[in-house]
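Participant: Quick one: the structure is below, questions incoming.
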Amino acid sequence: MLSEQAVGLGTGWEPMNTQLDAAELQSERGTREEGSWRTAPRPLEHLHCGLEDEPLSLQEKATSVPWVPAVPQEGNTGDWEMAAALLAAGSQGLVTIKDVSLCFSQEEWRSLDPSQTDFYGEYVMQENCGIVVSLRFPIPKLDMLSQQEGGEDQWAPDPQDVEGRDILKVTYTGDGGEPQGDTPELQVEPPRTLSSVTEDTALWNPGQGPSWESMPRNSTGMLLSPRFLQEDTFSRHLHRTDTDSLLKPHTCPQCGKQFVWGSHLARHQQTHTGERPYSCLKCEKSFGRRHHLIRHQKTHLHDKPSRCSECGKSFRCSSHLASHQRVHADSKSCKGQDFGESPAAQHCVPPVPKCHVCTECGKSFGRRHHLVRHWLTHTGEKPFHCPRCEKSFGRKHHLDRHLLTHQGQSPGSSWDRRTAAF
């Protein structure tokens, strides 16, 4: 692995002078071309962060290397080969790249090609982001971290990659000595997501479950939210029965008709059986539907118990039946008379029966109000009084004729005009 390569120092420095001069010429020419080379060679402090604060042993190792050129621009293969030669030269006074903390800005890191990011990526500490790049996370995800500072959408690591892993972080004790043992002290931190990922957000991975097309959606085609997925009614949205069976679940076994309500099916089955469960208590008639029985019972409220024995007609009042029976009696008397062949005999009209008899004189009348008016002649009562002259009359039309005299009219003339109109 490239991380195990060492930078040669000491005895290999003299042969490198010619290469350093060439590197200076390349840097001046790169400045004019707006490249990524530095204008002047700098010591190793360009590639480490806060070397003054590092332990003395690290400073000694770092100062033993005069300078390391900055990362070449993309596409300058010659510059990259020169930098690789400087790093690989010599075999004495080796200083591994693990002993030096490398720091790149975002612009410098973006200018690297994939081979350069693979080389530096495992050892770069990007302190301005506050995140130590672990060996567990691939370096290309630093592009995601740069988007966070630029105000773009925040990024959360894939939970499948983070699951079951611990983030390794090197901590320095600050006592000025080397870390104990061959391996540095490890601080185990649980995997965390960025602040933009809330607790109730579901991170979906294609390898974890069904495909994207098979995810549950609503009627408009939009994906259902996690909160809706937790509702009890979600099962009803996934398991919907057929529309026809849902609207009309009741089916007649004989004719196959479907009904919405069970009561409608029961009423329909009566047409097959001919059953009439609703019976009238008065006339013992039966009906198949209840509202038919109610309509029939209304006829009993206006019963006509009086029935004519000759023609079968019914009457509500017995007096009406009596008046009707007189018609049959008069017709019989009319048939008993022999009118011959005259036309008058063919139009024989029976006289009106007079059933209302006066108890004083024995006169009979066909109408009751005629009897009442006749009764006034026996009692002498005059119930109709004039409001102006206090005269009284036994009949109302007599009073009306008298009132005309108070209006300055001749009662005879007005009476004649009224009779002439008829």
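Note: Cβ is positioned from N, Cα and C throughout, glycine not excepted.
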Participant: To which of the residue ranges 39-61, 200-222, 384-406 does Swiss-Prot assign the term zinc finger?
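Facilitator: Comparing 39-61, 200-222, 384-406 with Swiss-Prot, zinc finger matches 384-406.
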Participant: Among 140-162, 163-185, 278-300, where does Swiss-Prot put the label zinc finger?
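Facilitator: Among 140-162, 163-185, 278-300, the range Swiss-Prot annotates as zinc finger is 278-300.
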Participant: What average pLDDT does the predicted model assign to the zinc finger (278-300)?
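Facilitator: So the average pLDDT across the zinc finger (278-300) works out to 84.
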Participant: In terms of Cβ proximity under 8 Å, which residues at least six beyond the ends of the zinc finger (278-300) contact it?
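Facilitator: Distant Cβ neighbours of the zinc finger (278-300) are 267, 270-271.
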